[in-house]
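Below you'll find the structure, written out as structure tokens, and then a few comments.
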Amino acid sequence: MDRIIEKLESGWWIVSHEQKLWLPYGELPHGLAANFDLVGQRALRIGEWQGEPVWLVLQHRRHDMGSVRQVIDQDAGLFQLAGRGVQLAEFYRSHKFCGYCGHPMHPSKTEWAMLCSHCRERYYPQIAPCIIVAIRREDSILLAQHVRHRNGVHTVLAGFVEVGETLEQAVAREVMEESGIKVKNLRYVTSQPWPFPQSLMTAFMAEYDSGEIAIDPKELLEANWYHYDDLPLLPPPGTVARRLIEDTVAMCRAEYD
């Protein structure tokens, strides 16, 4: 599936190494390969954006290596492709040898997979399903400040789905573990690939059922009910968390304004 980049090759360039992304001038490289010293490198076509190919190059650059979070405020489709590139780059880097027999592996020519020529085992990129849920109580929404995000941002609750667990069960468990409350009338909203490191966010809305807020201090700094017209600092646009919050605010305004 990969090929040697030629001088006149053009498109969007996802240059990635160890979950980092090359972002010269803070943006994804776009244009001729020769302009970015990519001629002769191996590249894998991973998609198309605005009629042009999107290429993945597994390479480390000495300067301007940053996080894919830096392009989150760009178009959702381009952010999704950048996330795909970072995740694939990490998959290929971490699956050079077979976990069963220890022999070297090679990329499949027909799909995103790594193959072992010795024991015939086949590996695919791992995807970790997560739930994220906006909880409404009359004209208020539950927002929390997470321990791992000490930047003042308040967001909705989220967590990984455990083995043998449905998405609905994961919502109920995560909400209870992190905030001590029960929810009802769960409704699926949307999903978003989230490359931190390889998650798939499944987004829900729910209504408060019962209980008092009792946070898990290992997960949250604080959590509280916020009136829809008096919200704290929120996640950036383009995130599924922000969409859930805005959708909840819209529902509150339709009912209470």
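A Cβ is built for glycine as well, from the same backbone N, Cα and C atoms used for every other residue.
The divalent metal cation 1 site recorded in Swiss-Prot includes ALA158, GLU178, and the single candidate from GLU121, GLU212, GLU219 that the record places there is GLU219. For the substrate site, Swiss-Prot gives ARG69, GLU111, GLN192, PRO193, TRP194, PRO195, PHE196, PRO197, GLN198, SER199, ALA241; the one candidate out of TYR124, TYR226, TYR256 that the record lists there too is TYR124.
Here the binding-site residues are GLU174, GLU178, GLU219, and the one whose Cβ sees the fewest other Cβ atoms within 10 Å is GLU219.
Per-residue pLDDT, averaged across the motif 'Nudix box' (159-180), gives 97. Counting only residues at least six positions away in the same chain, the Cβ atoms of CYS130, ILE131, ILE132, VAL133, GLU174, MET201, ALA241 sit under 8 Å from the Cβ of ALA158 (divalent metal cation 1 binding site).
Annotation note: ALA158 (divalent metal cation 1 binding site) sits in a strand segment as assigned by DSSP. According to DSSP, the secondary structure content of the domain 'Nudix hydrolase' (125-248) in residues is 22 helix, 55 strand, 47 coil.
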